[in-house]
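Asks: Sharing a structure below in structure tokens format, with a few things to ask.
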Amino acid sequence: MSSATPAAAPDVSNPDVVLVVDFGAQYAQLIARRVREARVYSEIVPSTMPVAEMLAKNPKAIILSGGPSSVYAEGAPRLDRALFEAGVPVFGMCYGFQLMATTLGGTVDNTGAREYGRTPLHVSKAGSTLFEGTPVEQSVWMSHGDACSAAPEGFAVTASTDVVPVAAFENDEKKLYGVQYHPEVLHSTHGQQILEHFLYRGAGIEPSWTTGNVIEEQVAAIRAQVGSKRAICGLSGGVDSAVAAALVQKAIGSQLTCVYVDHGLMRKGETEQVEKDFVAATGANLVVVDAQERFLDALAGVSDPETKRKIIGREFIRVFEQAQLEILQEEGPEVAFLVQGTLYPDIVESGGGTGTANIKSHHNVGGLPDDIEFELVEPLRQLFKDEVRMVGQELGLPEEIVQRQPFPGPGLGIRIVGEVTKERLDLLREADAIAREELTAAGLDREIWQCPVVLLADVRSVGVQGDGRTYGHPIVLRPVSSEDAMTADWSRLPYEVLAKISTRITNEVADVNRVVLDVTSKPPGTIEWE
Ligand code: XMP
């Protein structure tokens, strides 16, 4: 079996990097995003990273995140004092604030005085670096059990709450700042402003990071990595692979070949978007493999969801590998690189910032001859999803691709409850297209996370249409709101939009005489029906 080796992260070290030290509990990602919203480049590092290694990254500032621990808990993460003595501006938030306080000689008490949720903050030093220009009374998001009762020497106390005497402090001379609360959370009404004050005023960083910089940096890095060799990229129709391919295309042009497997399970117009609009926007060299029949044959007679998924996954790998083999056999420079749309959250979640890329199974190159090894090109590995969309927009990709909502790899194959056939796919494609059209027309695309449209192919119900009795299938609408698809709630769509979708689907799609709305949250229901 051959393997794809993660490339060393391209050396695009940003001169203005802010490090976010992760003390756990998922606050660090949000902080890193907020820093980037302030147009400053940020990276997350684990709290176990030695301080010397953090400083070797030459950060312009360091932010200490919140975390689940009490500073007094056994085994709670600590920080080397050297971090505060290196002359790098530091901002501690919540746990990071308490750690800063205890490390530098302040007092944090385990008083049992807990504060959770929205809390009034009283700013006592209005002209301070962090609070200047913000109201004396503001609402902040708290989540702590311990409280700071005395700031370290040399620090001015800048805010308090009814429960915590020291809810914020700063030492302007040493460029050290801290707040007991979570400024990264939107419930903290002036949180972003305070973060920006730290970045611009405290640390003196210019807000200059843009997705335009990313494109320039990545183009240079990709050229340096690929040289005169060739690369291939699997396109799924999704945002990430499209943007990754467009970026690599901009860097190395015809040295890149994109492969799109048309499994016939896409929604209406999506294959054409890749075939025509993507190519028109990027000039990419695209190989489209029409494998519709192959997938339909393999799925014939199968109703079990897991079996369907396995078949679709298996066929996908086979077709993709076959296409790769054909490209490898073409005349020309060696094909040594595989482009992947890995994003920053994938990297953080899989345990670190360097070389830990996860190869998704449908892009896996297992099965190719032993002596072929691909090095990965991952131009989006520094970016969050919304930033990927901005890059895509800047690269001129069509809005329909860039703003696409999540869509499962097995496509409509897992939105037909029952056997997958060409007729059923066509029917579902029509119903889905109507739902999408109306949601877009109502301006709801950004309000909802996604809206699977599901065909209950094995269910029939009686209806009356025109003058006659019908015995047709129901269509289920499954609009959901979510942050990350791990949990979701059903979206409360306006009745008039639902009415319009229902009327159009039953009028325009033959064999559908009923539209129902799924009002189940996740859990207990998953987003997809299969
Ligand atoms: P569930 O149904 O598990 O879906 O609540 C969570 C999110 O994942 C998407 N999904 C998939 N995406 N391959 C994918 O690439 C899959 O097999 C798959 N199954 C579900 C789903 O659309 C939702 O956004």
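Any Cβ shown, glycine's included, is placed from N, Cα and C.
Dumping what TrEMBL says about this protein:
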type     : residues                                               : note
ACT_SITE : Cys94                                                  : active site, nucleophile
ACT_SITE : His182                                                 : active site
ACT_SITE : Glu184                                                 : active site
BINDING  : Ser236, Gly237, Gly238, Val239, Asp240, Ser241, Ala242 : ATP binding site
DOMAIN   : 209-404                                                : domain 'GMPS ATP-PPase'
Asks: Within 8 Å of the centroid of the Cβ atoms of Ser236, Gly237, Gly238, Val239, Asp240, Ser241, Ala242, which other residues of that chain place their own Cβ, given that this set defines the recorded ATP site?
Replies: Leu235, Val243, Gly341, Ile401, Arg404
Asks: Quick check: in three-state DSSP terms, what is Glu184 (active site)?
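Replies: Looking at the DSSP assignment, Glu184 (active site) belongs to neither helix nor strand, so coil.
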Asks: State the Cα to Cα distance, in Å, between Ala242 (ATP binding site) and Glu184 (active site), rounded to an integer.
Replies: 30
Asks: Return the single residue from the recorded positions list (Glu184, Asp240) that has the minimum number of other CB atoms within 10 Å.
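Replies: Checked Glu184, Asp240; of these recorded positions, fewest Cβ neighbours within 10 Å: Asp240.
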Asks: For the C-alpha pair, I'd like the distance in angstrom between His182 (active site) and Gly237 (ATP binding site), rounded off.
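Replies: One finds 37 Å between the Cα atoms of these residues.
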Asks: In this structure, which of the binding-site residues Ser236, Ser241 has the fewest other Cβ atoms within 10 Å of its Cβ?
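Replies: Among the binding-site residues Ser236, Ser241, the lowest count of other Cβ atoms within 10 Å belongs to Ser236.
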Asks: Measure from the CA atom of Glu184 (active site) to the CA atom of Val239 (ATP binding site) and give the result in Å, rounded to a whole number.
Replies: 26
Asks: Just the number: how many Å between the Cα atoms of the residue listed as 'active site, nucleophile' and Asp240 (ATP binding site)?
Replies: 34
Asks: Within a 10 Å radius around the Cβ, which one of these binding-site residues has the most neighbouring Cβ atoms: Gly237, Gly238?
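Replies: Highest number of other Cβ atoms within 10 Å: Gly237.
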Asks: Cys94 (active site, nucleophile) has how many other Cβ neighbours within 10 Å of its own Cβ?
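Replies: Excluding its own Cβ, the number within 10 Å is 25.
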Asks: Please work out the number of neighbouring Cβ atoms within 10 Å of the Cβ of Ala242 (ATP binding site), leaving out its own Cβ.
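Replies: For Ala242 (ATP binding site), the count of other Cβ atoms within 10 Å is 30.
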Asks: Let me know the DSSP-derived helix, strand or coil state of Ser236 (ATP binding site), please.
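Replies: The residue in question, Ser236 (ATP binding site), is coil (DSSP, three-state).
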Asks: What Cα-Cα separation, expressed in whole Å, is found between Ser241 (ATP binding site) and Glu184 (active site)?
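Replies: Between the Cα atoms of Ser241 (ATP binding site) and Glu184 (active site), the distance comes to 29 Å.
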